[in-house]
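K.L.:
Let me begin by handing over the structure; questions about it come next.
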Amino acid sequence: MVKQGPKAPTYYHEWTQIPPRMPTRGPNAPSSHHGRHPQPPHRTTKHLRAPLPAPPQPPTSLPTAPGRPRPPSPCPPRLAEGRAGAGRTAHIRRGQPRAKGWKGPGFSSPRWARGLGGVKGREESSSMELGWLLWGAAVLLLLPVLMELSPAVNFALRIGFYYLLFFVCSALTAPVCLLVNGGRTVKNMRIIKTVVKTFKYFFGLRFEVKGLENFEVEGPAIIVSNHQSILDMMGLMEVLPDNCVQVGKKELMYAGTVGLIIYLGGVIFINRKSTSSAKMVMAEVAKTMATDNVKVWVYPEGTRNCTGDLLPFKKGAFHVAVQAQVPVIPVVYSSFTTFYNPKKNLFTSGKIKVEVLPPIETKGLTSDDVSELTDRCYRIMRETLFRLSGRPGEVKDSS
Ligand SMILES: CCCCCCCC/C=C\CCCCCCCC(=O)SCCNC(=O)CCNC(=O)[C@H](O)C(C)(C)COP(=O)(O)OP(=O)(O)OC[C@H]1O[C@@H](n2cnc3c(N)ncnc32)[C@H](O)[C@@H]1OP(=O)(O)O
Ligand SMILES: CCCCCCCCCCCCCCCC(=O)OC[C@@H](O)COP(=O)(O)O
């Protein structure tokens, strides 16, 4: 029964291109420093540069029992200095004399023994691969069951997949935007919209849209809509008119590939924590939206709100509309609470009703009228939200 030496380390194949072992005896042998054992050549690449003679055929002698000098290895000793290999490197590292003629860990067993080790190794690696395959199949089969049994798992996987879609699609779409449109321009929103509109199919979401004709106003406009969750991006892209950019919190610029793609799409970033700087940005928007003929989509609640009601509106969007003398077009999405609620780990398929309301003119209004304009828009949108969400009665109670 031939006793196997320890299995050659997996990096064995890395060395097949390295020149053969340096001769340890005779005129070409390197001078041994200690006189005891021939020292391997210094760690230089010089020998790598010399023309490489054909590697010698490795000895075909049987592997010897552990502890006795090993047959010469066809590989250089360099490995012994730098690589963790079979256990035999221990005595090298501790400065003990090297077994005569032995040149490095893991290469002393003769090729045919290594061959046997290879067969055993190949069997081991294929059984490992088979194991991984079986594990993967089990997880994939188990996932739907887990998602059925645990709302938390279902929610985490679906929302995680949503983020993954954002991240991957952004990374893939950014180069397309750069190639097609060359840089940051609202034209990229068309490409983004085309991609994001497919996301609803992954989550079993359907949009029922009414009033799209209300977007057909001459020139720029301010669009305001309720904001319930990150899922709003699908609703936004479902109805987004041409030449329309959004106002977003500046933190989004740093959301990896998503930050890049929304930058390329022309999104206007504001610092919510600094009213003055936000006002300046919005004032700039009021000036340029007319010349650029762009619509600007603002979420006047200023944050996500998935309660099924509206938060009080920030006034910035309405200041911009009055400053630019452009109409305000309210858009309302029905409540997500029937199919989406992070607090309850609820995220299933569902239907979202979307209504684009008639534009509210601002011609002739001044900044003094902004508060009234904001309240009027708030009331109309809240009434629509309750109606679309099947709760029309609530408006009377709370108005
Ligand atoms: C290919 C695959 C790709 C996958 C991924 C792609 C995804 C989809 C792609 C792309 C779409 C990306 C979409 C992103 C969307 C993100 C959304 C968000 O981030 S929502 C958070 C940011 N939005 C806001 O915050 C709302 C706008 N906010 C405002 O307008 C505020 O008014 C603001 C920030 C300007 C100031 O907020 P204040 O917190 O100070 O509160 P206030 O009451 O509004 O203002 C305080 C005082 O300042 C006056 N004021 C406000 N704005 C003014 C102005 N412009 N001029 C003059 N006075 C102004 C007001 O009249 C008020 O004064 P008096 O109370 O009346 O005395
Ligand atoms: C697996 C790899 C996943 C990597 C993650 C990629 C980063 C995904 C970031 C997604 C952000 C896309 C834009 C979402 C728009 C949105 O809905 O932002 C929230 C803001 O309106 C309001 O923020 P807040 O005040 O916090 O409610």
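Glycine too: its Cβ is placed from the backbone N, Cα and C atoms.
Keep in mind it's a predicted model, so treat the numbers as computed, not measured.
The region 'Disordered' annotation in TrEMBL covers 1-108. Summarising the annotation, TrEMBL assigns compositional bias 'Basic residues' to 33-49, 90-101. Positions annotated as compositional bias 'Pro residues' by TrEMBL: 52-77. TrEMBL lists 130-147, 159-180, 252-270 with the feature transmembrane segment. Feature annotation from TrEMBL assigns domain 'Phospholipid/glycerol acyltransferase' to 221-336.
On this model, are these features tucked inside or out on the surface, and what's nearby?
P.N.:
Averaged across the domain 'Phospholipid/glycerol acyltransferase' (221-336), the predicted model reaches a pLDDT of 96.
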K.L.:
Can you name the far-off residues of the same chain, 6+ from the ends of the transmembrane segment (159-180), with a Cβ under 8 Å from a Cβ of it?
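P.N.:
Sequence-distant neighbours of the transmembrane segment (159-180): 187-188, 191-192, 195-196, 199, 202-203, 230-231, 233, 256-258, 260-261, 264-265, 342, 347.
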K.L.:
What are the DSSP helix/strand/coil residue counts across the domain 'Phospholipid/glycerol acyltransferase' (221-336)?
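P.N.:
Computed counts for the domain 'Phospholipid/glycerol acyltransferase' (221-336) are 49 helix, 23 strand, 44 coil.
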